[in-house]
Every structure is written in structure tokens, then in C-alpha cells.
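Below is one structure; the comments refer to it alone.
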């Protein structure tokens, strides 16, 4: 009979056979894994950056997730004083949920300028964010941007046909609700503070944070009870890709 | 061959990057080795490969050190989207980064080929 003991949070059986299955891993070396390592090592060898720089940025990147943003929204929903700070001083409000925008260098990263604006949705006003220039995104508080956010197709179309594009994501914004698309610029980052949904009365901050997903803080989805994850989003390839600073590729004659 | 693909292949000079195909990177486009194929094959549910964090860190380091500004890299990535359209992200992001670095002379194709061989030998050593 297995004699169970506990090492920290990790349970073992007495015969050293684990009583739970280890998470599966990819036991295969891909060309892409090799390429990533080769590029990185060459860059270090050439002095473009140091291994220490890379370690610091890797740790920073690894710690990014939308969880901090979710916490910020949930707390704003339950604490009016905190909500006021979210709008008045969002960087300090970020610190209260564990995010220091000055990390990892002391002045942020070169693509995460220390300027955040939180956009408040109301029952008659809905916001959605984009970066038409490239893919500016509030990484410190929301983690890494999804690929569709970076795709030229989204960046180009959301500013021209916002209601139609949101409908493609499954979000129908009623005509009586004003829609504002906020375009990030070189030094400004935005996130959406959505409307707290009905049916969440009496919920704790933890419960509320679970339904504040990444997509609800971008503005392409609404939080609602029971919806705790963002489903995969389709990436529509442009039939006529637009090149930066240039004209659209000529359509076939 | 369609008119559109002719138009794309004829375009070799982007504003931010040379769009000509690089033989070495053309040889690293096995879709079967992308995370989208690898992960389900090994029953892994993580949506991104472990090396994605390192790739993002490399991009940040290159920008912080002044070698390759993040905004310029993003513009170049947009221009290269059609060149690597057969490969999904994040593999495409990696290929475009390597392409941009070769195109801008931050490393040569020969150096990269040599390093790939060295890394492969190291990782596959038993």
C-alpha cells in the first residue's frame, strides 16, 4: 500500500511512483527551437546584448499575463476609491496589483512606454483598442498581445468597420451604444475597463477577476458569468496585404 | 501562377527590409515542426512553445541595445508577412526576425548556418 507523504505541495507515493500523471512534454527538438537558440547565441557572441540582459528580459516576459489587468478591473468594480485611482494614476494603480511599469530596466522596455490610460465603458459607450501603426499593447498589465491583434487585417479594418469587425469576433454592439476605437500611439497604451455584468452581485474580487479575460480588456468581448476564457480567434489573412508606408499590392488583373 | 503571387514575388525591396528569400530560412519551414503540430502530437496544451519567451526577450534586448528598434522590426515583420505566410506564428515571428537580422547585416547567412549546426549537434548529442 502506498505510504503517502508530502514534500511542500508535491505529493508522492511511498514506492516513489507519482500518484498523479506528470504534465506531458514535447520530447522532440524542432528546427524552430534550434533557430531561436542560434539567433540568440549569435547576437550575444556579437555583443548586441549580453546573456544577463537576456535573462532579465526573459524573466520579465515570462511573468506577463492578463491576470494583473483582470485584478485591476475586478478591484475597480468593487472598490470605488481604487477605481478613482485607476483613472487618475493608472501606473500607481498597477503597482497595487503587483505591476511596476518601470521594470525590468528602471524605465520599462523600449516598447512599453510608461503611459497608460484606462478607458471606462458604460452602458451607452463601448471602447476597443488597436494599434494601427504596429502592435503597441499594454504588455506590463495585459501580457503579450494575441496574434490577431498584431495582424494587419485587424489593425486596418477595426478603425474602418469597427462594428463589423467586432461582430466577426462575436460581439454585437447595439446601434444605440456609441463605439470608440482607441488607437495606441508611439507612447500611449490603453486598456478597457468593461461594464460589470449583471448576475455578479455579491461576487468577490477573485470571482470577478475570473470573468475579466484578456479580450474583454481589449474590447472585443464582454465579461459575463460563466465566461472565464477567451476562445481561439480566427486570423483572417488579407487578400491584398498592405505594406508599411506603401500602397496595397496591386490586385490581380 | 496567379497574378497576385507574381506581384508578391516580384517585390524584393521593402521599405524596412530586403524581401528576397533567404535559402537557409526557406529550408526551415517544415509546418510539421511548428508548435501547432508538435503540441497536440505530444498531448501538450500550452498554447505557445517554451522558446517564445526567449524570442520575445531577444527582440526586447535588440531594441534596448539599439541594434534593432522594435518599431522598425514590426514594420519589417509586416512587410515579410507574405514571404512567410505559409508558417503560423510564433514560428513566423522567429523566421522574420532572423530574416531581418540577416538583411540588415547583424549576422550573415553563413554564420547562422554554422551556429544552427552547432546548436543542433549540442541538443541532439546523446
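Cβ from N, Cα, C; glycine included.
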Which range of A:188-220, A:221-253 is region 'Disordered', per TrEMBL:
A:221-253
Using a Cβ cut-off under 8 Å and a sequence separation of 6 or more, which residues in the same chain sit near residue A:135 (Fe(3+) binding site)?
A:145, A:149, A:150, A:155
Across the domain 'Nitrile hydratase alpha/Thiocyanate hydrolase gamma' (A:31-221), what does the pLDDT come to on average, as a whole number?
94
